[in-house]
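If you check TrEMBL, you get these features:
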DOMAIN    65-194  domain 'tRNAHis guanylyltransferase catalytic'
DOMAIN    197-246  domain 'Thg1 C-terminal'
Amino acid sequence: MRTSTTARAATKRHRNFRGEAFLVLPSAGRMWSACKVKVRDCWAVTSVTLRRCLKLGAAMAKSKFEYVRNFEADDTCLAHCWVVVRLDGRNFHRFAEKHNFAKPNDSRALHLMTKCAQTVMTELEDIVIAYGQSDEYSFVFKRKSNWFKRRASKFMTHVASQFASSYVFYWRDYFEDQPLLYPPGFDGRVIVYPNNQTLKDYLSWRQADCHVNNLYNTVFWALVQQSGLTPVQAQERLQVGEVTTKEVKLPAEIEGKKMVVTRTRIKPVPLYCDIIGDAFWKEHPEILDEDS
């Protein structure tokens, strides 16, 4: 018995874009069946293409040049130790002369340094305290910090780049009438201290150094500016051994040219204080608290 023309048309075979035949059924669900077969075929094609791309990417990552990574030095800082990054201005004697810094201390420059330190601490939240004087700043990372897997190069480069860029960015806020003639540079080093006492001794050392340098510079520039001596004559007249804390008592406003930046909750706050001795650490116990 022959089927009708309509039935033959409904049951004829069709070919999809891959040349594979599928059957259109003479029922209400015939289009659904055809679509389901097409979707399955499309997923198959996509899966093969994806596997090929992943295989190609893996082959590219495992190139013959990858051996050069073996030359990278392991600079991981010792675990459970305080990590300190100290920055120093590069050739800042010349920089200060070119930009007309006041002698012996330029408050604009000191406040700019402190602003840069606050910016660094805002960006790098694992820093618990920073201490600065003149053209240097020390940043202390908490003992449990696992920032960048404790790699010394990451600690140093991030701190140095953030500080230097902040110095240029905020320059006009503090030196309104003095244009920046050329970009400043800062070098850095990383030191690891095993316990609280050695960290406190390090910061005390930097403050003692600040005190001695400030004594010398104050007397030196007094001889130049007030006594009329040349810098060479003042240097010959003034011997380092003559400037001691026992022989010279500086006014409080001169002695206070040192900067400490700590955190109040999450906001870095600058302080002008003495960190030698126990008074400061008793007032701010959260700095050395490992769980702070």
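Cβ from N, Cα, C; glycine included.
Predicted automatically and left uncurated, TrEMBL annotations should be read as such.
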| Helix, strand and coil residues within the domain 'tRNAHis guanylyltransferase catalytic' (65-194) as assigned by DSSP | 57 helix, 31 strand, 42 coil
| the domain 'Thg1 C-terminal' (197-246): mean pLDDT? | 83
